[in-house]
Amino acid sequence: MTGPQGQPVFLRLGPPPEEPNQFVTEGAPQSYSPEVRARLELDAKEIIGRYPDKRSALLPLLHLVQSEDSYLTPAGLEFCGEQLGLTGAEVAAVASFYTMYRRGPTGDYLVGVCTNTLCAVMGGDAIFETLVNHLGVRNDETTPDGKITLQHVECNAACDFAPVVMVNWEFFDNQTPESARELVDSLRSGEPAEPTRGAPLCPFRETSRILAGLPDERPEQDRGGAGEATLAGLRVAKELGMEAPPVPGGQS
Ligand code: FES
């Protein structure tokens, strides 16, 4: 290509390898073996069959391939595109928008420390710093034993239990630097602590299968829901006989 004065202009195509957060992780699989592919196709067929328009199955399919590799790889992205009749650009555009899709190898437990405003002022920043020092890894890095990937996470809509830590997307409420340190130690020792709310933990790849919509075989998988802090306002409103004002126009 040439510029306005006819001078050559260098255009690099594709993602710059030095730029973080691209799907260019070194060593990532570029394709699946026939056995893996056949297994994934069976799962994909079941998932796609739930949608009237198959392209709507992209989000669960991304979780499915993440359950295979622990992150999104060229092999996984290509598989999703093939199954759904989407271009690589369409798949990557969706995959790169959502933070639950990982860009690099993920440990058995993805430990997300909320450092958004409320959690940060309630101690989230101190928890994150404690875990960085305790585990010897920084944001988005995995411990050498492959057990824990540490991550900053944005608000998880659990501000009334701040500061919160999420492990494989299950809540550990009202954490402190000490309790978070004990939590990661228990994860590494193979005796994971119970989430404050939600079902017992399972490894990240299994969590990804559940998020893909495949059967959740954990005991008490429907445990959880709103906790006391979330419902406190409602309880007080009921005690005081408070009601919402009528909606203009008379509709309830
Ligand atoms: S700020 Fe942490 S859950 Fe909302």
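Every residue gets a Cβ built from N, Cα and C, even glycine.
Just so you know, TrEMBL annotations are computer predictions that nobody has curated.
For reference, TrEMBL has these:
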BINDING   C114, C119, C155, C159  [2Fe-2S] cluster binding site
COMPBIAS  215-225  compositional bias 'Basic and acidic residues'
REGION    1-20  region 'Disordered'
REGION    209-231  region 'Disordered'
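Positions of the features from TrEMBL, shown on the structure.
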| residue | record | DSSP (3 states) |
| --- | --- | --- |
| C114 | [2Fe-2S] cluster binding site | strand |
| C119 | [2Fe-2S] cluster binding site | helix |
| C155 | [2Fe-2S] cluster binding site | coil |
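When the binding-site residues C119, C159 are compared by the number of other C-beta atoms lying within 10 angstroms of their own C-beta, C159 comes out lowest. Listed in sequence order, A120, G124, V153, E154, C155, N156, A158, A162, P163, V164, V165, M166 are the same-chain residues at least 6 apart in sequence whose CB falls under 8 Å from the CB of C114 ([2Fe-2S] cluster binding site).
Summary of the [2Fe-2S] cluster site environment: with the site residues C114, C119, C155, C159 set aside, the chain residues having Cβ atoms within 8 Å of the Cβ mean position are T115, N116, T117, L118, A120, G124, E154, N156, A157, A158, A162, P163, V164. The Cβ neighbour count for C155 ([2Fe-2S] cluster binding site), using a 10 Å radius and every protein chain shown, is 14.
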